[in-house]
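Have a look at the structure below before the remarks.
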Amino acid sequence: MKLTCVVIVAVLLLTACQLITADDSRGTQKHRSLRSTTKVSKAADCIEAGNYCGPTVMKLCCGFCSPYSKICMNYPKN
């Protein structure tokens, strides 16, 4: 019974801390447009499927690099 009360109090305390932190940080992100453009440019900077992706290539594949043929491949669709 004592352990249950301690767990309940701990969960309530952690929930309250998260809510306080979420309210406090609202609207404080600066340079929002700059951050989104860097994410897009990083996502588009990859090797397309069918191209060589060996150890001398500096870019990553958009999908995955086949370990045997060293050719970029798309992920299979389920």
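Note that Cβ sites are derived from N, Cα and C of the backbone, with glycine treated the same way.
Listed in Swiss-Prot as the disulfide partner of Cys65, from the options Cys46, Cys53, is Cys53. Partner cysteine of Cys46, as given in Swiss-Prot, is Cys62 (from among Cys62, Cys72, disulfide bond). When the disulfide-bonded residues Cys46, Cys61, Cys62, Cys65, Cys72 are compared by the number of other C-beta atoms lying within 10 angstroms of their own C-beta, Cys46 comes out lowest. The Cβ of Cys53 (disulfide bond) lies under 8 Å from the Cβ of Ile47, Leu60, Cys61, Cys65, Ser66, Lys70, Ile71, Cys72, each on the same chain and at least six residues away in sequence.
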